[in-house]
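The active site, proton acceptor annotation in TrEMBL covers 20. Taken from TrEMBL, the feature tRNA binding site covers 15, 65, 67, 113. The site 'Discriminates between blocked and unblocked aminoacyl-tRNA' feature in TrEMBL is assigned to 10. Annotation source TrEMBL lists site 'Stabilizes the basic form of H active site to accept a proton' at 92.
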């Protein structure tokens, strides 16, 4: 069985270590952990793949920038001949405390522009998403600056462990299925 793991973020060195790129960071963590082939530039994305427990996970980092992520989602679902149920989108979430994970099988975009574009492009909100909390410690009107800023020194200490937990959640999605994975990931 094959799964598309759409890791959201923005391309370019100026975005590399920002909160908004935590989806890319999860993809990179998985690629390193499983010693995947180098990321290859394809249409609308960099891609690589890993195998775990007989499942193939195609890791995709869109080159469309966050707000046009639907282009990459639609293209790679079509290219890989996969259904929406075989796709997991990994993204940042301001509404969750730093490092908190929330796995859902469907739902609203919750103000996340990448998710909004995916839903518009696919015409559906019926796809799984893993939200990685980046907190909301910013002054009114400073949301864009906050999400495009690096993690704090304290957050950076804890980030590797949080990325590992997010990577485990991705693997659980593919090996356990969305319902069982939600029971494992969404613990208080």
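Any Cβ shown, glycine's included, is placed from N, Cα and C.
Nobody curates TrEMBL annotations by hand; they come from automatic prediction.
Features recorded in TrEMBL, as mapped to the structure shown.
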| residue | record | DSSP class |
| --- | --- | --- |
| 10 | site 'Discriminates between blocked and unblocked aminoacyl-tRNA' | coil |
| 15 | tRNA binding site | helix |
| 20 | active site, proton acceptor | helix |
| 65 | tRNA binding site | coil |
| 92 | site 'Stabilizes the basic form of H active site to accept a proton' | strand |
| 113 | tRNA binding site | helix |
Under 8 Å by Cβ from residue 65 (tRNA binding site), counting only residues of that chain that are 6 or more apart: 10, 11
Spatial separation of residue 92 (site 'Stabilizes the basic form of H active site to accept a proton') from the residue listed as 'active site, proton acceptor' - C-alpha basis, Å: 6
Intrachain C-beta neighbours of residue 113 (tRNA binding site), sequence separation six or more, cut-off 8 angstroms: 66, 67
Residue 15 (tRNA binding site) to residue 92 (site 'Stabilizes the basic form of H active site to accept a proton') - Cα separation in whole Å: 13
Residue among the recorded positions 10, 67 whose Cβ has the most other Cβ atoms within 10 Å: 10
Cβ contacts of residue 92 (site 'Stabilizes the basic form of H active site to accept a proton') (under 8 Å, same chain, 6 or more positions away): 8, 19, 20, 21, 22, 23, 112, 131, 132, 133, 134, 147
Lowest local Cβ density (other Cβ within 10 Å) among recorded positions: 15, 20: 15
Residues within 8 Å of the 15, 65, 67, 113 Cβ centre (excluding the tRNA site residues themselves): 10, 20, 64, 66, 68, 69, 114
